[in-house]
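Per TrEMBL, the features are as follows:
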TRANSMEM  25-47  transmembrane segment
DOMAIN    40-288  domain 'G-protein coupled receptors family 1 profile'
TRANSMEM  59-77  transmembrane segment
TRANSMEM  97-118  transmembrane segment
TRANSMEM  138-163  transmembrane segment
TRANSMEM  197-224  transmembrane segment
TRANSMEM  236-259  transmembrane segment
TRANSMEM  271-290  transmembrane segment
Amino acid sequence: EAENHTLLTTFVLSGLSSRPELQHLLIFTFCLVYSMTVIGNLLICMVTVHPTLHMPMYFFLRVLSFLDISTASVIVPKMLSSFLSEDRSISYTGCVAQLYCVIFLATTEWYLLAAMAYDRYVAICNPLRYPVIMNTRVCLSLVLLSCCSGNVVSVVQTAWVFMLPFCGPRKINYFFCDIPPLILLSCTDTSLYEKQIITATVLVIFTPFCFILVSYACIISSILKISSAEGRYKTFSTCSSHLTVVTLYCASGTLIYLRPKSSHSQDVKKVLALIYTTIIPTLNPLIYSLRNKEVREVLIR
C-alpha cells in the first residue's frame with residue numbers, strides 16, 4: 001500500500017461520457033458554454049463600472065462575475081483538452097490545485113451571495129440609512145471576509161482529502177477533481193471523514209442559507225407593507241434574480257456533499273456539479289442583466 005501510494009503521481013479523469021460518438025457534441029457544447037460564460041461575465045464587469053451603477057449591489061455583482069469566470073476557467077479548459085487530445089490524466093499536484101481552487105471559489109461565492117442578501121435587506125428595510133451602513137469599507141470587508149472564509153475551508157478540506165492514502169485505481173469517475181469521487185479511491189476507512197464533510201456542508205452551506213432566509217423574510221415583510229402593487233413588484237424584482245441563483249446553488253451543492261461516498265449516484269452528481277461549475281456561471285449574466293432594468297439600459301447604451 002505504501003509503495004502504491006508513493007508511485008501514484010497522476011489521476012485519470014473519466015470525463016462526462018465514455019461514448020466516442022458524443023465527443024464532438026460535447027466539445028461544441030462546452031466551447032459554446034465557456035465562451036458565453038467568459039463574454040457574459042466580462043460584460044457584467046464592464047457594465048457595472050458605469051457611473052450610474054456605483055452602488056454596493058453592482059460592486060458585489062462585479063465580484064460575483066469574476067468568481068464565475070474563475071470557476072469555469074479552472075474546470076472547462078481541462079475538460080475540453082481531454083476531449084481533444086484523449087489524454088484525460090491530471091497530475092497529483094494538478095489535482096490538488098484544482099480541488100483547492102474549486103472549493104475556494106465555490107465557498108467564496110456562497111458567502112458572497114449571503115453578503116448580497118444582507119445588502120438587499122439594508123436597501124429595502126433601511127433605505128434611509130443604506131448609504132451609511134453599506135459604505136465602501138463595509139463592502140470591501142464583506143468581500144474580504146468571504147475570500148478568507150473560502151480560503152480557510154479550502155485549505156482544510158483539500159489537506160484532509162490528500163492525507164488519505166490512495167492505493168487503489170487512479171481513475172476518478174468525474175470530470176474534475178472533487179471530494180466525493182476522490183474519497184472513493186481511498187483504501188482506508190473514510191467514515192470519519194464522511195461525517196466531517198457532512199458537518200462542513202452544514203456549516204458552509206446551511207449557515208449562510210439560514211442567514212439568507214432570515215434576510216428575505218424581513219424583506220418580504222417590508223415589501224408586503226408597500227401599498228402600491230407596482231411598488232411591491234419593482235422592489236421584489238430586484239431580489240428575484242438573487243433568489244434564483246441562491247436556490248440553484250444551494251440545491252446542487254447540498255445534494256452533492258451531504259452523501260459524499262454514494263457511489264451509485266456519481267452520474268447524478270456529475271450533472272449537479274455541472275450546474276454549479278458551468279451552468280450557473282453562464283446563467284448569472286443573463287439572470288442579472290435581463291431582469292435588471294438599470295443594467296439593461298447601461299448595456300444598451
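Cβ atoms are placed via backbone N, Cα and C, with glycine included.
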### Message
Cβ under 8 Å, sequence separation of at least 6 from the ends of the transmembrane segment (271-290): give me the contacting residues as numbers and ranges.
### Response
16, 30, 33-34, 36-37, 40-41, 43-44, 47, 61, 64-65, 68-69, 71-72, 75-76, 102, 106, 174-176, 178, 241, 244-245, 248-249, 252-253, 255-256, 296, 299
### Task
Would you kindly list the residues that approach the transmembrane segment (25-47) from elsewhere in its chain, counting only those six or more residues past its ends and only Cβ-Cβ distances under 8 Å?
16-17, 53, 61-62, 65-66, 68-69, 72-73, 76-77, 79-80, 83-84, 278-279, 281-282, 284-286, 288-289, 295, 298-299
### Query
Mean pLDDT for the domain 'G-protein coupled receptors family 1 profile' (40-288), as a whole number?
85
### Message
Within this structure, do the transmembrane segment (59-77) and the transmembrane segment (197-224) have 3 or more Cβ pairs under 8 angstroms, counting pairs 6 or more apart in sequence?
### Response
no
